[in-house]
Amino acid sequence: MVEAPEAVPEERRWKLADFDIGKPLGRGKFGNVYLAREKRSKYVVALKVLFKNQLQQSQVEHQLRREIEIQSHLRHPNILRLYGYFYDQNRVYLILEYAAKGELYKELQRCKVFSEKRAATYIASLARALMYCHEKHVIHRDIKPENLLIGMKGELKIADFGWSVHTFNRRRTMCGTLDYLPPEMVENKEHDASVDVWSLGVLCYEFLFGTPPFEAQKLSDTYRRIVRVDLKFPIKPVISTAAKDLICQLLCKDSSQRLPLKELLAHPWITANADPSGIYAGCGGASA
Ligand SMILES: Nc1ncnc2c1ncn2[C@@H]1O[C@H](COP(=O)(O)OP(=O)(O)OP(=O)(O)O)[C@@H](O)[C@H]1O
C-alpha cells in the first residue's frame, strides 16, 4: 500500500490531500497524531504531524532524520511500521502503522500490574523484535512503556526510534529517561546492544510490580541505585522465583554477563508463561 517516498516517483510523492483525516489519536511533544485513511487504497494509518519550528527550536531535526531512516527500514510484527513521510512549509508528516489498542503505558496504569502470562508474552515479543533490530545493528536505547503501543490483536509494537542508533554510530552520550538506563549509560561510558537487554529487565520488573526497580524521589538517588544495581523485590504482589531469576539475569551491572536475548526466549519463565502467538488477547478487559 503506502510506499516509502524515496521509492516513489516525484509525481506520486505523498501529500496531505492523499489522506482523509479522522479523529485525533493523541498529542505529542512536537505535534499531534491523527487517524487517517489513504484515499486510493482506503488503508488506515496514523498520521503524525510535527511542526518544523518546534523541531528546530528543540534541535531535534537530526534525531528525527535518524528515526525516519532507521524505522522505515525495519519490518517486524512487533515494530511499528513507518510507511513514509512528507512535508510542507511548516510541518513534517509521518505515515505510521495504526496501533488500534493504543498505549501500553495506559494499560499498565489501568491494570496497575500485569499477570505473569501477560508480562512474559510482552517480554518475549520485545525480545524477538530487539533481536531483529540488533541483527540489523540497530540499538533502540529507549525501551519504556511510553514507547510501546498495542496493535489490533493485542500484539506489542515498539514505536519511537528517536533515540535509536546504528551500532557503528554509537556514542557515549546519555539519553532517555534515567529509570530505564543501564549503569554504563548513566555513567556515560561506551555501550552496546546489551543496553536494550537491561531495559527489558527494568520493564519486566515494572510489568510485575507496577513501578520501575530503581525509582526514587530524587534523580540523584535513581542514579545511585542504578549504578549499584540496588535491586529489591517487594513481598507483594507474590511473584514466581522464575520471574525474579530472569530479572536478575537481565539486570547485571557487567553488560557482558546479561542474558543474551536468544537465551531469554528459552528461559523457563518465558517458556512456561509466554503465549507463543505473541498476543495477549485479554487486552481491554477487566483482568490484567
Ligand atoms: N501509530 C499510532 N497508533 C495509535 N495511536 C498513536 C500512534 N502514534 C501515536 N499515537 C497516540 O498519540 C500520542 C502522541 O504520540 P507521539 O508519538 O506524538 O507522542 P510522544 O509520546 O510525546 O512522542 P514524542 O516523544 O515523539 O513526541 C501517543 O501517546 C498515542 O496515544
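For all residues, glycine too, the Cβ spot is worked out from N, Cα and C.
Features as listed in TrEMBL:
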DOMAIN    19-270  domain 'Protein kinase'
BINDING   LYS29, LYS48, GLU97, TYR98, ALA99, GLU146, ASN147, ASP160  ATP binding site
ACT_SITE  ASP142  active site, proton acceptor
CROSSLNK  LYS144  SUMO2 cross-link
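Distribution of TrEMBL features across the structure.
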residue: LYS29; record: ATP binding site; DSSP (3 states): coil
residue: LYS48; record: ATP binding site; DSSP (3 states): strand
residue: GLU97; record: ATP binding site; DSSP (3 states): coil
residue: ASP142; record: active site, proton acceptor; DSSP (3 states): coil
residue: ASN147; record: ATP binding site; DSSP (3 states): helix
residue: ASP160; record: ATP binding site; DSSP (3 states): coil
Query = Out of GLU97, ASP142, GLU146, which has the highest number of nearby Cβ atoms, where nearby means within 10 Å of its Cβ, if these are the recorded positions?
reply = ASP142
From LYS29, TYR98, ALA99, ASP160: binding-site residues whose CA lies within 10 A of the residue listed as 'active site, proton acceptor' = ASP160
Task = With an 8 Å cut-off on Cβ-Cβ distance and a minimum sequence separation of at least 6, pull the same-chain contacts of ASP160 (ATP binding site), or say none.
result = GLU67, ASP142, GLU146, ASN147
Message = I want to check the contact list for ALA99 (ATP binding site): same chain, sequence separation of six or more, C-beta distance under 8 angstroms. What comes out?
response = ALA46, LEU80, LEU149, ILE150, GLY151, MET152, LYS157, ALA159
Alpha-carbon spacing, LYS48 (ATP binding site) to the residue listed as 'SUMO2 cross-link', which is rounded to whole Å = 20
Remark   = Listed in sequence order, the recorded positions from ASP142, LYS144, ASN147 whose CB sits under 6 Å from ligand 1 are none
Query = For the ATP site made of LYS29, LYS48, GLU97, TYR98, ALA99, GLU146, ASN147, ASP160, how many Å separate the two farthest Cα atoms?
reply = 19
Key: By Cα-Cα distance, the member of binding-site residues LYS29, GLU97, TYR98 nearest the residue listed as 'SUMO2 cross-link'   = LYS29
Remark   = Min neighbour Cβ count (10 Å) across recorded positions LYS29, LYS48, LYS144 flags LYS29
Message = Using Cβ atoms only, which residues of the same chain lie under 8 Å from TYR98 (ATP binding site) while being at least 6 residues apart in sequence?
response = LEU25, LEU35, VAL44, VAL45, ALA46
